[in-house]
Amino acid sequence: MEYLVSAEEMRRADHCVIEEYGVPSLVLMERAALASVELMEREGFDLSRVLVVSGSGNNGGDGFAMARILYLKGIEAELWFVGNPDHLSKEAALQKKICENYGMKFVRNLPAGEYTTIVDAVFGSGLSREVKGSYREVIESINRHPAKVFAVDIPSGISSDDGSVQGTAVRAAVTGALAFRKLGHVLYPGTEYAGRTFLLDIGITKEGFKGQFPRVQAPDRGIFSLLPTRKAFGNKGTFGKACLMAGSRNMAGAAYLSGKAAAITGTGLVRVVTEGCNREILQTLFPEAVLTTEEMLSEETLVNALSWADAAGIGPGLSTGEAAEKELACVLTQAKIPLVLDADALNILSKHPDWLKKGDTPKILTPHMGEMVRLSGHSMEELKQKPLELAAAYAKEHEVILVLKDARTVVTDGERIVLNTTGNNGMATGGSGDVLTGIITGLLAQGMAPFEAAVSGVYLHGLAGDRAAENTGVRGMLSTDLLKELPGVLKEG
Ligand SMILES: NC(=O)C1=CN([C@@H]2O[C@H](COP(=O)(O)OP(=O)(O)OC[C@H]3O[C@@H](n4cnc5c(N)ncnc54)[C@H](O)[C@@H]3O)[C@@H](O)[C@H]2O)[C@@H](O)CC1
Ligand SMILES: [K+]
């Protein structure tokens with residue numbers, strides 16, 4: 001997993017590496033500048049004429065050092081110092097002086113059309129308030145200019161803590177994130193302003209946290225090593241039994257998508273428990289499934305299905321009628337296996353919040369933002385502003401694992417917080433959530449611990465979406481494309 005840091009966590013690591021381990025600040029700055037220049041070259045920036053726009057903090061210092069490195073390579077690199085000369089940091093003042101000593105050209109504004117590349121080094125992780133006045137004009141003039149923009153660390157104006165735009169912000173083509181990606185690189189809209197973001201190693205590593213690690217992590221390819229191993233001599237019983245309680249009249253697709261996803265994820269046996277009217281269609285679409293169908297599912301049938309399974313998912317296309325309510329109440333009371341609660345199960349829970357206290361098996365709730373509004377009572381605006389904090393608070397209060405689905409899905413058990421970075425807007429299509437429920441239920445059935453199953457499920461689901469975006473495109477992709485791509489994604493690991 002990759003750490004995603006807040007401005008404060010970055011400052012702490014910075015400070016520790018400099019003050020406690022004794023690495024001189026200027027060494028870090030030189031590495032930041034060298035790595036940034038290399039990245040610009042690698043990313044094909046036209047370096048015929050470069051303008052570096054520097055502020056008075058250390059982000060500006062990185063900018064001055066970059067300008068000097070470019071200049072000494074024979075590139076026409078000029079400087080626009082936009083900060084307050086009285087507030088120059090020690091390092092920035094020194095870097096500025098070096099540029100002056102070399103006789104580099106300083107400009108006082110941004111002439112239109114004269115530069116091929118602009119380096120944005122106005123503010124980095126030290127941005128502490130809204131951008132106003134002359135700074136606002138500087139940023140707007142950078143955005144108006146046709147040159148390709150490289151942002152040092154993070155686009156100026158983007159909050160490192162939550163990706164929000166603080167008044168106005170630079171729109172970069174490429175961003176070189178120094179040492180760690182900040183939350184603002186990953187959360188929207190910051191992620192869009194940053195363009196293509198690359199992580200640059202400058203010598204500040206996790207040792208800088210001195211054991212006090214950042215609160216938020218992002219899953220990476222390391223997830224594949226967590227997936228259930230497959231014994232060579234295993235049989236279908238060895239690979240777990242998943243039960244999907246899904247699909248009501250006119251909603252057979254939800255049962256199909258969630259059940260099939262569980263099967264594709266490697267589960268030995270999948271049972272779909274659904275209304276009788278779905279029997280024929282499911283047998284045709286999904287012959288690999290064991291079906292349990294009744295006109296009105298009795299408590300005995302549900303209990304039998306639960307005792308057969310190693311994990312169960314309930315909710316996709318379930319409806320919210322009286323029968324569905326009874327079914328959910330029975331499952332919550334009787335289940336002795338980990339549960340995934342999704343879609344209509346969550347809508348029913350919003351009406352009966354105390355039901356979460358029923359039973360004591362691990363529960364994974366997978367609401368999208370609209371369902372989370374109903375579940376938590378927070379407004380959409382509040383949730384958008386503080387998705388990590390509010391998700392963690394809900395998970396802690398209700399002792400569940402919460403998967404809050406959005407452009408950046410959050411997985412939390414109240415202590416650990418994971419922000420997923422795979423996936424794309426093509427996945428905002430009917431049935432996509434059903435597939436996720438099936439994947440997570442399948443991983444649980446194969447014996448994964450609930451939190452790991454939720455994190456891995458969200459990550460794999462996003463990767464399948466990214467593959468579908470490549471092969472089909474974000475407009476045309478459907479949930480069935482996620483099912484098509486999932487085997488290939490799992491094979492990669
Ligand atoms: N040695 C270090 O500490 C290193 C720092 N690094 C760079 O340093 C940056 C952080 O440096 P700083 O903490 O100096 O902060 P910044 O350079 O991001 O900005 C801080 C300066 O901007 C001012 N400021 C903040 N918000 C403002 C606003 N809205 N309007 C007007 N002025 C505003 C502050 O008063 C301060 O003068 C990182 O993003 C990174 O680029 C890198 O050089 C690596 C090493
Ligand atoms: K910047």
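Yeah, the Cβs are placed from backbone N, Cα and C, and that goes for glycine too.
The feature (6S)-NADPHX binding site is assigned by TrEMBL to 58-62, 124-130, Tyr135, Asp153, Ala254, Gly317, His368, Asp434. The K(+) binding site annotation in TrEMBL covers Asn59, Asp120, Ser156. According to TrEMBL, the AMP binding site annotation covers Lys405, Asp406, Ala407, Arg408, Thr409, Gly433. According to TrEMBL, the domain 'YjeF N-terminal' annotation covers 10-210. Sequence annotations record features per position, and here TrEMBL assigns domain 'YjeF C-terminal' to 219-493.
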*asked:* Is it possible to get the count of other C-beta atoms within 10 angstroms of the C-beta of Asp406 (AMP binding site)?
replied: 19
*Near ligand 2, which of the binding-site residues Asn58, Asn59, Asp120, Ser128, Lys405, Asp406 have CB less than 6 Å from any of its atoms?*
Asn59, Asp120
*asked:* Tell me the Cα distance separating Arg408 (AMP binding site) from Asp120 (K(+) binding site), rounded to the nearest angstrom.
replied: 26
_The one of Lys405, Arg408 whose CB sees the fewest other CB atoms within 10 Å, among these binding-site residues_ = Arg408
_Nearest of the binding-site residues to Gly61 ((6S)-NADPHX binding site) by CA-CA distance, picking from Lys405, Asp406, Arg408, Gly433?_
Arg408
*Cβ-centroid neighbourhood (8 Å) of the K(+) site, Asn59, Asp120, Ser156 excluded*: Val53, Gly55, Gly60, Gly63, Ala121, Val122, Phe123, Gly124, Ala151, Val152, Asp153, Ile154, Pro155, Gly157, Val170
*Nearest to Asp406 (AMP binding site) by Cα, among Asn58, Ser125, Ser128, Ser156, Gly317 (binding-site residues)?*
Gly317
*asked:* Take the mean position of the Cβ atoms of Lys405, Asp406, Ala407, Arg408, Thr409, Gly433, the recorded AMP site. Which other residues of that chain put their Cβ within 8 Å of it?
replied: His368, Met369, Leu404, Val410, Asn420, Gly423
